């Protein structure tokens, strides 16, 4: 009979086997549980240290209140379940309020970000418009107002091209004025010696100068003489030296020994009617005429 009472009593308490029960007095927390060893049922108590409860982070069990202990003793399990449901609803309501608050804060943050981006974009557009207006009406470095018209753009382009051309042209003139070939240098020496030895005035010189549009005088480099022309000049000079009885000149002084006719500057026309080459001495014709006269004198001597 006693075993049956114990079995019924502990069968009801088996459902609440994991629940905690605080026993008054003593100072320590005590737990009780039931276990069956064969047919005999015994109660075992475990005395736990309070510090162990704080050190166990995984334990989420809350201690039983006095009302719950009374309800357990009186077997009012429905009231315990109702109280737990009310507590769960209260917790869920608080969580819902917190979630709604977080959602509103996030929406306000997103709205503020969108508004800031819209304001930044508007400021950027206003700044670009202001810069465009300033560039359109602000005076440039040349003191002229810039305009977006096609004619003004074309004129400014022409001015830029002209300035670049002037710089390039001045650099080319300065470089070409100092470039002289060896034949040109010897020709310049020849003209200098001819001026000093001849009795003609400065108007009879062979200074070929070209006056460009900027008013600068630049000497045109002379064409380099070929080998045939040098041979003809050398033969003409040798014959003239033999005729006058002077000492023969060396091959290096042939170009410097060239003499000009006294009637170099003349207004006579040549056979073709061109006065451009009038006054120049043709060494080929001179050589042929002198050769014919020399052969005639030899025949008369014989």
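Note: Cβ is positioned from N, Cα and C throughout, glycine not excepted.
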- prompt: Do you know which of 29, 51, 140, 275 is annotated phosphoserine by Swiss-Prot?
  reply: 29
Field: Where Swiss-Prot places phosphothreonine when the choices are 228, 244, 249
entry: 228
Query: Do you know which of 196, 226, 246 is annotated phosphoserine by Swiss-Prot?
result: 226
Query: Given the ranges 199-215, 284-300, which one is assigned the annotation region 'Sufficient for association with the Arp2/3 complex' in Swiss-Prot?
result: 199-215
Query: Can you tell me how the residues of the region 'Interaction with AP1G1' (78-138) break down into helix, strand and coil by DSSP?
result: 60 helix, 0 strand, 1 coil
